[in-house]
Structure formats: structure tokens, C-alpha cells
Amino acid sequence: MSDAATPSGAGNAGGSRFSRQFLARLTVLAPFLALLPLAGFGLMLLIALQAERSADRRADLQRAATALAASVESELRGGIRVLEALAGSPRLAAGDMAAFRAEAQRVMARDATWFTIELTDGERQLLNLRYPAEAALPPVRDPTSVAAVLRSGRAMPSGLVEGFVALRVPVRVDGAVRYSLMAALEASTYARVLDRAPLPRGWSALLMDAEGRLIARAAAGAAAPEDLRPALEQPRQLAELRSLTAYALPVGDSRWTLVMAATPDDFATRAVGWLVLAAGAAAVIAGIGVAARIASRHRGQEALRHRNQAEALARAAEHDRRRTDMLATVSHELRAPLTGLLGYTDLLAKADLPATARAWVEQQRRAGQALLALIGDVLDFARLDEGAVELEDADIEIAQLLEDCAGLMRSVAQQKGLGLRVAIDPGLPRWMRGDPMRLRQVATNLISNAIKFTEKGEIVISARLTARPERIEVSVIDTGIGIAPEALPRIFDRFRQEAATTARRFGGSGLGLAICRRLVEAMGGAIGAESRQGQGSRFTFWVPFRPGAAPLASTRPGAALRILVAEDVAASRLLLTAVLERAGHVVTAAEDGPRALAALHGAAFDLAVLDLHMPGLDGFGVAAALRTLPGEQGRVPLIALTAEQPEEVEPACRNAGFDAVLRKPFETRRLLGLIDALRGRTSDAEGRAVPRGGEAAELRRGVPSAGND
């Protein structure tokens, strides 16, 4: 029995030992098994974070592609605009190929990436700057593209040919498309545009033509990578390819395509994602910690990014506000004393003075005008630089405007012994729509420059209407010192003159032509220059033509007006009083807003001139309070007086009830001209000017302005 019991006892002991070992191992694994639900949650969190990051990067990819495509299109359109301006050359229209060839060579010399310019009628080349004028020219290259331009009458770029990109524009003669003008540009032009884009590591940008050839960011003429075919076939849609994620976007109507691609090194790819998930599954507890850390870090990064963006926007807004405030303050502080200086100089010039004293007064007036021009140039360029200049839309008698500009500068030209005349083409329309003040500013600046740099001869201002597209072309031609060929492409840059000796000899800030270019471009036009050193220069600008109409004539009552002048600066107040009394008006002066409002309550006035910045109650407050009064007392015409740019204060003036804006320092003729415009209304039995409803409302909607630019 004893022997029989031994194996049984041993078996029981072995089973008990196995059970204990199993339970011990199970006890060790129990915490891990309990954490399995948490592990599942961790895996789901990782998947969610992965998906969110992928979505963010896809959105970034689309935004970057859109912005870069816009940059490429802007570069493309810039070249086409230059070529279109050349296609509208009067020398080409007149068939003067020698003169047109010289003009085309000057255009090509401005940009080293332009390889050649060709003119063709579809069957043969008529001009090719890569060949001498008398040489035999090769056959037409890419006749399909030439035929498309001649047939459609539209500008279009071609694909990549031998490392160059061709821009083609139609040339119209007598309203019909006769020729195709082509400029061949190096593909590196667009490679530089792509290189300027701050792309993240692992991203690529490729510019392709309609045939799938790479124009930029790859070897010239190479075929597009096979991986990109699905993206090219489905533009504006994200394509998940084998080795990258790509987004294709058409570049305007050029038939080019911009492709933005993110490689696996940068983009959240599925392989890396599953590797992270596998690592998390292998180390569950560590995975949970990593997931929590990633979530916390992601939230922290997002919060930091939003905070940085908000702070950057706040800093930018504060910078813009301070810059605007500084410009307004500088403008007011400089223009206010100049108002007195120039105004009293004008009054003194009209007095009975000895010849010597009159010459001194004239020198004082010129010095003041030069200082005013310099202040205006600096402030204008600052506003143009920040895009703060708004354009007026009014009817312009263009020939009269140019005559006025010439008349303003004629005495300066005569003192140098120069002739100054205006040559208006008979086909020039009398009226057009545009910004008269800015057109006058550009024309006067060009005339002033021509006089400054001309020692003998004459200056001619010409104007004509060009066809297809209809544009007003204004040229200022002089017989001055001319400009060196190497300096001509930079002549419209700011603070730029031909040489340092030029600045020392003739003076000037170097901002005038830069301002002209900015203003002309803001009006939708272009400006250019031609010159021969020692023979003279021709500056030409074009602006779009929009037909205008003559304004309705108004009658000018002869009776004197009762005018209130409210100005806190004593010199300006006395100047306004003197100017208006010399014009035959009866003037009441007030030194601040409360006194002005009290005067308007206590007496009847035909018109009021209110400074916008007065202590106690400013001009806006006086105007707003006056417009609440009943009857004719609340309809007194109001002129706002300010040292700021008229377009900056016009909306606020319109809301307050002003009828016009006058900028300091003002010219007497401008002040009296505004008064004449506002007094052109019917009169009551006592002879006081009262508004006709329709005309007064029209004036308040338009808010006419006058300045001294």
C-alpha cells in the first residue's frame, strides 16, 4: 500500500505546484490585463492625433500651393503687361520697324532673364532681337501657339522649349489682330519665385507646363515624375500617392500647373503611424504615458501657436496704428506752420513792394513750396507703401488739367530760358473719369523733373488716346542731360537718382518718380522712360480711359457771403480772415469749437470753414451739432480744414455733415474755388445762398476735396 500510494502523492504534489505557478504568473499579469482597456483608449487617442495632424498638414499643403500659385501668376502677368505695353507702341502701329526694334531692345535690357523678343505674322518672323536687323530670320517657332494667339486675340504663355518660356501677346492694328509679339524668358525666372517660398523641410514645389514638363524646381525639360500623374489629372484635389502626398493647382488661365508635394520624411505617413501604434501596443503602459504626453504637448503647442499669432496680430495692428498716428501728427505739425508761411507770403506778394523786396518774397515763396513738396513726397510715399491711399473717381477735363500743370510750372521754365508747351492730339476726348488730384500730381512731378534737368531747349507735354486697349497716354519730353543706359532701369526706384553727383548738382529727394510709379500703378496704368545721354528724355505714363462728362454748370451769385472761420491757430485764423475779406466776404472768426457753435447758434451764416482739430470741441463735433438744428440753420455748407490727407478723413467728414475738405497749406484759388462750388445755389429774397436739395445732397455724397499737391 505504501508503494502504491507514492506515485499518486507525487502526482498531486506536481499538480499543486503547477497550479501555484500558474496563479503566480496570473497574479503578475493581472495588472497588465486590467490595463488593456486603457491601452485600447491609448491606441485610439494615437490614431485620432495622427488623423488630426494629417488633416492639418493637408490644409497647410493646400494653402501653401494656393499662395505660391498666386505668386507665379503675378510674375507671369507682370511679364505679359510689359509685353502688352510694348505691343501698343505707336512706332509699331506706324510700321517704323527700326524705331520699334530700338524700343524693344530697351525693354529687353531691363531684365537679364529676357532672351529675345520676336514679332511674327503667323507665316514668318518680322523681327528677332537675336539676329541683326538685316539678317535672314529663321522659320516661325511653335506655329501652333502663334496661331492660337492670332485666332483668340488673347495673351498666353507657352510651355518649356529648349530651357525657355515664351510669353505671347496679340498686336492689334486698326482694331484687328495682325501680329504676335513674343518674349522668350529663362525658366530660372520662375525658379526664383519658387525658391523665395519658405517651404518646410521635406516639401517640394514644381511648376509644370501643359505637356507635363518641369518649368522650374527640376532639370529643365525633364518629364514630370510618374508619381505625379494622378495629381495632374485631378487638380485642386489632394492625391495620396505611393511615396508622397501632392496637391495640384492651375496657375490662372496659363495652362500651367503648380504641384506642391510633401515627402514621407515630413508628412504623417501611414507607415510611421502604424510603427508608432505597434510600439505602443508592445509597451502598453509606456504607450499611455506617451499618448498623454503627446496630447498635452499638442495642446500646449496649439495654445502657444494661437497665442503667438494673436500677439503678432496685436503688434502689427499697434504698429499700423502708431504709424498712422505718427503720419497724421507729423503732417499736422509740419503743414500747420507752412499754412501761415505760404499764405502770408502770397498776401505779401500782392502788396505794393519795391522790386528788391518782391524778389525776396518770391524766393521765400519758392523755398516754402520746395519744403512743402518734400514733406508731401515723404508722407505720400509712406502712405503708398502701406496701401493707405484711396483714389477719387471724378470727371476730368484732361487737356485743361495738363494746361493747368504747365501753367503752374511755366514761370519756373521761363526763368531758366526754357520753352514749355502742351501738344494735345485732336483725337483726345475732352472728358474722362479718374482721380484729378493724382493725375495732376504725376504730371506736375514729371514736368518739374524735366525743367530741373534741362539747361536749354524746351519741354513738351503731349497727350493722346491709344486704341485697344483704350488708354490715355501722356508724355513729358525734354532736351536735358539725359540718363545713362545703366541707370535707366532703376530710375523709378525710391531714393534713386542717376548718380550722387546728380543729386548734389540738381537736388531732390529721389522720391518723386517712385511716387509717380506707385500712383500710376494704383490707377491701373504703367509708366516708363526713354533717354539718350546728352540729348534728352521722354517720360510716358498710361492710364485706362473711362469716358466722362462735363459737370452741370452753376451760376455764381455776386453777393458777398457771411462766412464763419473756426481755427485755433492764430496765424491760420488771421490768414483765412484776410483772404476771405479780400475776396469781398464778411468774416466772423472763432478760436475754438464752443465759440464756433455759439456763433452759429446766434447768427445766420452762408458758409463755415471749420478746422478739424480744435480744443474743447473739434470740427467734427461742431458739424454734427449743427446738422441737428432745424431749417436752414442746420443746412449751412461746411468746409473741413485739415493737415491730413483728404481721402483719410473724407468718410468721417461725410458722416459728420461736411460738404468739402480743404487741406493745409491751402492755395487761395483752391479755397475760393470750393466756396464758389458751394455757393452755386439759388438765393432767397435777402440774397443769402440757400441749398437746392438735390445739389446739396450730391455734394455731400461726393465730398469734394482740395489740396496743394
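Even glycines carry a Cβ here, placed using N, Cα and C.
Note: TrEMBL annotation is automatic and uncurated.
Here is what TrEMBL says about this protein:
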COILED    384-411  coiled coil
COMPBIAS  685-701  compositional bias 'Basic and acidic residues'
DOMAIN    329-547  domain 'Histidine kinase'
DOMAIN    562-679  domain 'Response regulatory'
MOD_RES   D611  4-aspartylphosphate
REGION    685-709  region 'Disordered'
TRANSMEM  26-49  transmembrane segment
TRANSMEM  271-295  transmembrane segment
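Averaged over the domain 'Histidine kinase' (329-547), the predicted model has a pLDDT of 81. Taken residue by residue, the domain 'Response regulatory' (562-679) breaks down under DSSP into 59 helix, 24 strand, 35 coil. Sequence-distant neighbours of the residue listed as '4-aspartylphosphate' (same chain, six or more apart, CB under 8 Å from its CB) are A566, E567, D568, V569, S572, D618, G619, L641, T642, listed in sequence order.
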